[in-house]
Each structure stands twice: as structure tokens, then as C-alpha cells.
Amino acid sequence: MTSPSHAPDRGGKSVETQSPELRKDPVTNRWVIFSPARAKRPTDFKSKTPQNPNPKPSSCPFCIGREHECAPEIFRVPDDPNWKLRVIENLYPALSRNLETQSKQRGSGTDRSIVGFGFHDVVIESPLHSIQLSDIDPVGIGDVLIAYKKRIEQIAQHGSINYIQVFKNQGASAGASMSHSHSQIMALPVVPPTVSSRLDGTKYYFEETGKCCLCEAKSNNFVIDESSYFVSVAPFAATYPFEVWIIPKDHSSHFHHLDDVKAVDLGGILKLMLQKIAKQLDDPPYNYMIHTSPLKVTESQLPYTHWFLQIVPQLSGVGGFEIGSGCYINPVFPEDVAKVMREVSLT
């Protein structure tokens, strides 16, 4: 299998002359089929459903001055009426924070069903409806990231919680039910199977090579940009077209170990990637997810667990083959994506 550090350079080849290739991603533990014959040139990718302007509805509960219409607030920054961001409970939570006592009574968690205890919160990223996350400066985005960290640290005090997922759905076709810019935090009493699979994949790579596969993901062919503490890459076996990962340069297992300086640095490169994606792909709906380690990861697992932020533009749907097999077809090679994204000019 071709390794990330020795992948072929496809510069100069047309889509018609590229052959299909299967790659296994050691991070997601998933096979991906790269089939360039199914695509136009990488530079021709555009969103089929670009973001519409963000019109303010007659009554948006996330806007400043309508705080009383929301679910209960957890905290705001700063803690005064002129807030910049708020963390609130989700009005329609997938899990219930009121079931903690029952979840402890149910015991082992080895049953096929357990009490639906957990947390489901919303981070309102701006008081103004017209502002998207990519409009905010790096310090402001850093504040959003630090709010994630603070809330994770609060939730981690609950011994029944095993995994916390931070994610953002931007645009209706990406799953956003509210047009006001926001992200979400879900805390689960179990470790989801995708997370377990990621641990298995990274463990296998570490046992084979003695190295963390995410520390190794920074091959020149795949790098888009870098900051003082982070690097953005088109991953070697990207599941989705124009998928981007932002990875800490230093080995780090838990997102919530992020400090204020690194949060601003991450805010800058996240803003840059969102702007480049918007310009290159006609402002597509997108999702981003912070993939961190389970809260109770063991000391022996730390050398091969490395958190990262994944951005997925919504450019194509998932079909029966992907659902049935768990193997995805990507029509564009990531090294081509990296080249195109490096060349996007924002001036």
C-alpha cells in the first residue's frame, strides 16, 4: 500500500490519464476508492447548493435581545448583556441531562440498551444574525474554540460521560436547522464505533511503524497551509472531495488541552480554510467535526491518539454503495485538492 510519505506526484496528469486507486486511511480505518474518471477537473468542483444569503427571520431566538426565547443558558462571553458568544442547552436535545441518576443505577453499560443520559448543547458564535464564523477574526474564533474547551471540561466532571463530540453544520443541506451561525456539543455515555475504529487504526499504524499516523500526515504533497502550531492538509485517503484536516503540529491527544495562544492560531488557519473553501467551491454547505480522544483513554493509548479538526464541504450525496459497504468513492485525489487549495488567492 502506498504510504502518505511516498504517494505518487500527480502533477501534470489529466483526469483522463489517472487510474483508479484504493487507499486505506489508518486514521479512519476505512478504504476509499479514488475514481477520477467520475469527476471533472478538480478546479471544476462547485457546490450544487451554495449557501444562500443569511436573511434574518422575523424572530430568531439566537439573536441578541432574544435570549429569553432560548433554552437555558450555560454561560456567555463576556458575562454581560453585550455578549459575543453564548453556550446554551439544546431546546430539542438528542440525549437528556436529567437522567444521570438513572444511568448510574443501570450499572455496567454492557447491555444492548442503556439510559439515554448525555448532554446536547449549542454554541451561538455571534450575537448578529448576518455574521458567519469565517467573518469573525482569529481572536474571535479562538474565543469560540475556548468556549468548546471550557464546556468539555465542565461536562468531563460527570463520570458517566465517555466521549464528547464538537461539530458544526453550516447550511440546511449540511443539517443546520437554524441559519444563525452556531455549532453543537454532544456528550455520550458510550464511545461511538467510528471513534473505536479510529483508535484501532491508529494503534495498528503505531505498532507497525512506531509512529503516530497523524504526526506523519504532513507530507508536502498533501499540505495546504500551516501556522505556528497547526497544519492543514488534504488527507491521504480523504473520504470526501475537498475534505480538509487541520492537525496540531505537536502530538496532542485531547482537544481540551488547547491553550489560549494555540486557540487564536487555530482560529486563524480555520478561518483561512473556510474562506478558501467558500471561494473555490462557491460557498458550499459544510460540516466540521473535532475528533478528540475518549475522556478515559488509557496512558498506553496516548502515543497514537492525536486530535484533529475535519472540514467536509457538502458537494455530493452518499449512495447505496457507500451505505452498504462503508467504502466511499472520491472523484478527486487529495494531492490535486492540496495543489488547488494552495493556489486559491483571497485577495
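We number each residue from 1, going along the chain as drawn.
Glycine is no exception: its Cβ is also placed from the backbone N, Cα and C atoms.
Database features (TrEMBL):
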- HIS182: active site, tele-UMP-histidine intermediate (ACT_SITE)
- CYS60, CYS63, HIS129, HIS180: Zn(2+) binding site (BINDING)
- 18-192: domain 'Galactose-1-phosphate uridyl transferase N-terminal' (DOMAIN)
- 1-60: region 'Disordered' (REGION)
Among the recorded positions listed here (HIS129, HIS180, HIS182), identify the one with the smallest other-Cβ count within 10 Å.
HIS129
Which of CYS60, CYS63 (the binding-site residues) has the most other Cβ atoms within 10 Å?
CYS63
To the nearest whole angstrom, what is the C-alpha distance linking the residue listed as 'active site, tele-UMP-histidine intermediate' and CYS63 (Zn(2+) binding site)?
11
Restricting attention to the domain 'Galactose-1-phosphate uridyl transferase N-terminal' (18-192), give the mean pLDDT.
86
